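*Asks:* Look at Swiss-Prot and you will find 169, 170, 171, 172, 173, 174, 175, 176 tagged as ATP binding site, backed by sequence analysis.
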């Protein structure tokens, strides 16, 4: 009898608050004076809907005064009623960390979706998702290239190891495919650990990604965290932080180099805008939240290299209506070390990855970092492609015959370069029937230098379509000409 009474008293002490208002994903909770939970604390409330009990997690967003707090629900609030008892967990949302997360799928709250035995296991270490970025004296100042084996990236927009890379593009130009390819290449070539955060994207894509990674044998080195389109804005706003927290553990505790993939960072911004509106804040430009730059900075500043280890981040950035002046992609630009723009006009030519070499950038494409020869070849390639672009109006109006002999050669080389910048991907093998290819950086520089020098001017353009290195070009040439 005494034990039962003690349990009841303990439960009453823990259940300190009660729901006073529910408007969609916004839940106002009243707590006794002096017992208000801190901002970002996770609260729990039991909900019964159609005889099914579930626990809804609320995150504290505002202190309203008069012992009231405003929270954002991390699950649908169907069945939640006024007066429901609310428990303060006294800590923020936390996720499991360590090797146990590899090969599994989690939601933003750290619940494993494919193996429920991992849930509520006290032996598994958990970290809160709201963390401070590394201090200034912990940061790594060295700059190093991350070789991907993808020609167009390694030559013209080299990625920084421990940097932040943005994959920009509208709908359907190949952002997710390029991210899947990078996960595969990192697992195969570097045996590295990857964390994938699916932010507000299609549930079908998440399922396909999980099955494809399992099929290709790279799932055991990857942790996946999803907060998809059908989930409340609070989940979509926090899932990127959940994935980042898992990556930080591998970097800080296991001293690993980690790749963090975020698909799609625009949905993170979009979810923040929804939450801001729900909380009653005055919107800023184009309806986005006034705290857009701050929220982006909180996420991006934690993605960095510390001494001896790194988090390299690839972030897909959906560009609304292909408008790069939109505040969401424009705010993201400020944090990136390299930008890879995927262009619909290049995709329409059947060239994949559809990277626009003239608008994609990298801060390390300079002689002091990549070397004189790499830099010179990249500038020659860009120069030829730029000249070809300038000549397109003349060609469209007057035709190729009106060009000078020098310009005709430039256009011909540009067309070969455009096709050779395409490449067959490992993740696309089952669609194209062509095996994926990894081209070392030195081979890439050699190949494009020879194309710029005119060594392949007598080769037909078809010999350069979507191939790997020069060996593939030679084989295609022999097949086309019968020589």
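Yeah, the Cβs are placed from backbone N, Cα and C, and that goes for glycine too.
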*Asks:* Out of 171, 173, which has the highest number of nearby Cβ atoms, where nearby means within 10 Å of its Cβ, if these are the binding-site residues?
*Replies:* 173
*Asks:* Within a 10 Å radius of its Cβ, which of these binding-site residues (169, 170, 172, 174) has the fewest neighbouring Cβ atoms?
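*Replies:* Counting other Cβ atoms within 10 Å of each of the binding-site residues 169, 170, 172, 174 gives the minimum at 172.
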*Asks:* Within 8 Å of the Cβ centre of 169, 170, 171, 172, 173, 174, 175, 176, which other residues of the chain have their Cβ, at the recorded ATP site?
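*Replies:* Once 169, 170, 171, 172, 173, 174, 175, 176 are set aside, the remaining close residues are 318, 342.
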*Asks:* Counting only residues 6+ away in sequence within the same chain, which have a CB under 8 Å from the CB of residue 176 (ATP binding site)?
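*Replies:* For residue 176 (ATP binding site), the qualifying residues are 201, 205, 209, 263, 316.
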*Asks:* Per DSSP, residue 176 (ATP binding site) is which: helix, strand or coil?
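*Replies:* Going by the DSSP assignment, residue 176 (ATP binding site) falls within a helical segment, counted as helix.
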*Asks:* Around the Cβ of residue 175 (ATP binding site), how many other Cβ atoms lie within 10 Å? Please give the count over every shown protein chain.
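*Replies:* Excluding its own Cβ, residue 175 (ATP binding site) sees 27 Cβ atoms within 10 Å.
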